Amino acid sequence: MDTEHNDGAFGTWDYVVLSLMLIISASIGVYYRFTGGKQKTTQEYLHGDKDLSVIPVAVSLMASFMSAITILGVSTENYTFGTQFIVINFGYGIATPFAAYCFLPVFFKMQATSAYQYLEIRFGATTRLCTSLAFSLQMVLYMGIVLYAPAIALEAVTGISKTVAILSVGIVCTFYSTIGGMKAVVVTDVFQSLLMFAAVFLVIIKGAIDVGGLGEIWRIAKEGGRLEFDNISPDPTVRHTWWSLILGGGFTYCSLYAVNQTQVQRLLTLRLGSAKISVCLVVKLASTHFAQLEYIILLA
């Protein structure tokens with residue numbers, strides 16, 4: 001494997017950073033397997049003994065659906081169809097109180113371990129089974145895309161085949177999640193999110209230095225007609241408008257942070273008051289990340 005550094009290709013230190021990221025992620029799982037209660041109880045394994053902190057859980061909530069799909073997909077969407085897409089953050093903000101004050105209290109009052117327990121109590125076991133199966137199918141399909149997206153990027157810059165990249169990332173993630181429980185998942189999400197934010201931030205700084213500052217980036221984009229934030233057309237066939245993004249963003253946010261099992265399980269690691277705060281913080285984190293991606297596209 002050629003590790004000489006060329007433009008657009010991985011150098012030696014790039015491989016070192018990639019390897020360290022995978023090793024540290026796996027090590028976090030090992031750490032939580034052999035510390036504390038050693039993941040011997042359901043309460044610790046699934047809910048982290050309910051002693052996790054607000055900020056780590058908020059970061060984990062954000063990270064669980066801000067994957068390579070977001071970095072590659074949102075960036076491509078903004079580059080191809082304009083900056084109007086960032087308006088979706090207003091939809092997220094409007095939906096936040098509904099998730100925090102309408103949905104969460106129901107799960108906490110039930111002392112639920114699964115979002116689908118409510119459906120069983122309200123509509124019966126058949127409904128719970130059907131929705132659980134539908135969710136499982138959705139996540140299998142979703143995880144396939146989540147693993148495939150970074151594999152494409154890794155293959156492009158390293159020459160590593162997509163199969164090897166998918167297996168490497170998939171095995172490491174399965175490993176630390178399985179042996180470390182919810183605590184390992186949350187802490188690893190925080191670690192990987194810091195890397196994600198830092199990497200995008202450094203790209204923006206490098207681009208700003210090369211162009212002449214953030215203001216210059218904005219000026220060039222404006223003169224080139226690449227900025228669009230004021231499309232209020234009621235036409236439903238227009239790709240992005242204030243109405244479609246706020247309405248669609250609101251429902252999307254609730255589907256992810258109010259009833260999605262992966263998110264509800266994270267929120268149940270906190271007390272109700274802390275969980276509400278955590279949900280509110282997600283909007284700020286997601287909006288910041290979307291703004292980062294927006295600026296990267298203006299550099300292109």
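Positions of Cβ are set from backbone N, Cα and C atoms, glycine also.
Among residues of the same chain six or more beyond the transmembrane segment (12-32), those with a C-beta under 8 A of the stretch's C-beta atoms are 3-5, 39, 157-158, 168-169, 172-173, 175-181, 183-184, 187-188, 191-192, 195. Sequence annotations record features per position, and here TrEMBL assigns transmembrane segment to 12-32 (among others).
Annotation source TrEMBL lists transmembrane segment at 52-74 (among others). Through the fold, the transmembrane segment (52-74) approaches residues 85, 145-146, 149-150, 153, 182-183, 185-187, 189-190, 192-193, 196, 200, 256-257, 262-263, 266-267, 269-270, 274-275, 277-279, 281-282, 285-286, 289-290, 293 of its own chain, all at least 6 residues removed from its boundaries and within a Cβ separation under 8 Å.
Residues or ranges marked as transmembrane segment in TrEMBL: 86-108 (among others).
Per TrEMBL, transmembrane segment is recorded for 129-151 (among others).
Residues 22, 25-26, 28-33, 39, 44-48, 52, 147-148, 150-151, 154-155, 188, 265-266, 269 of the same chain lie 6+ residues outside the transmembrane segment (163-182) yet bring a C-beta within less than 8 angstroms of a C-beta in it. The transmembrane segment annotation in TrEMBL covers 163-182 (among others).
If you look up TrEMBL, you'll see 194-221 (among others) marked as transmembrane segment. Same-chain residues lying 6 or more positions outside the transmembrane segment (194-221) and placing a CB less than 8 Å from one of its CB atoms are 21, 63, 66, 71, 227, 288-289, 292-293, 295-296, 298-299.
Under the heading transmembrane segment, TrEMBL lists 241-259 (among others).
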